[in-house]
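Trainee: Handing you this structure, nothing more for now.
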């Protein structure tokens, strides 16, 4: 029996490593803190809620800064008529030449699909929006939204399905976000001047408060001691799990998932907006899955 017990222990350990076991997320206060409108950031057991009403929105931020890794949060978006509201989950550095990776969830009138907008800023330059409709109702249950950032790429994921890949194309002369530590943030605010149908549909405050709910907070990333000292995370002799080719490159299955998302749910891609960009952006010329 001792031998069998040892064998079963080894099986469990191997499965934890190789079978995709997901460790439980941390408590909100272990990784995050309210960053503004603290009375609109509500802790309710395992769930944290951000509230928007006609007096204020709200936001929270990570307690630490990171360089490369994966961040994930489960979010249940505003139910019902959410027109005019924006809920954001993003990573960002500081300053005018900042880097930033955005999920922005654009509210809509009841019955209309939520639009998810992603954007990438490098050295203060954004204008790389993509928009898609989700293949589920994000207001009835929690779903996981993740950003995987490595030296090779930035991957946006919904329930572990990749919806966007922004590759490192420095060899083509295109800057990539790799030398600024980032915090992790989320917020909800009123953006009825642009969020829903280009600003045609305004926020109906009779439906306030608008609530976005969060749980299962995970950050598996390289924490920097200070934003000026990145050696722990970026040195040539440093190697982390997200640097492995099997992680930093999409698998065959993930590539097919991304193709499916783009074919069936994408409604806007800056790469094909000739009115905004008469000359196709250089990165769009080199990678079909931007």
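Every residue, even glycine, has its Cβ placed from backbone N, Cα and C.
TrEMBL: automatically predicted annotations, no manual curation.
Keep in mind that this is a model prediction, so the values were computed, not measured.
Quick paste from TrEMBL:
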{"type": "ACT_SITE", "residues": "100", "note": "active site, nucleophile"}
{"type": "ACT_SITE", "residues": "104", "note": "active site, proton donor"}
{"type": "DOMAIN", "residues": "1-214", "note": "domain 'GH16'"}
{"type": "CARBOHYD", "residues": "108", "note": "N-linked glycosylation site"}
{"type": "SIGNAL", "residues": "1-22", "note": "signal peptide"}
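Can you tell me where each of these features sits in this structure?
Mentor: Proximity of residue 100 (active site, nucleophile) to non-local residues of its own chain (separation of 6 or more, Cβ distance below 8 Å) is seen for 90, 91, 92, 93, 119, 120, 121, 126, 182, given in sequence order.
A sphere of 10 angstroms centred on the C-beta of residue 104 (active site, proton donor) encloses 19 other C-beta atoms.
Every protein chain considered, the tally of other Cβ atoms within 10 Å of the Cβ of residue 108 (N-linked glycosylation site) stands at 21.
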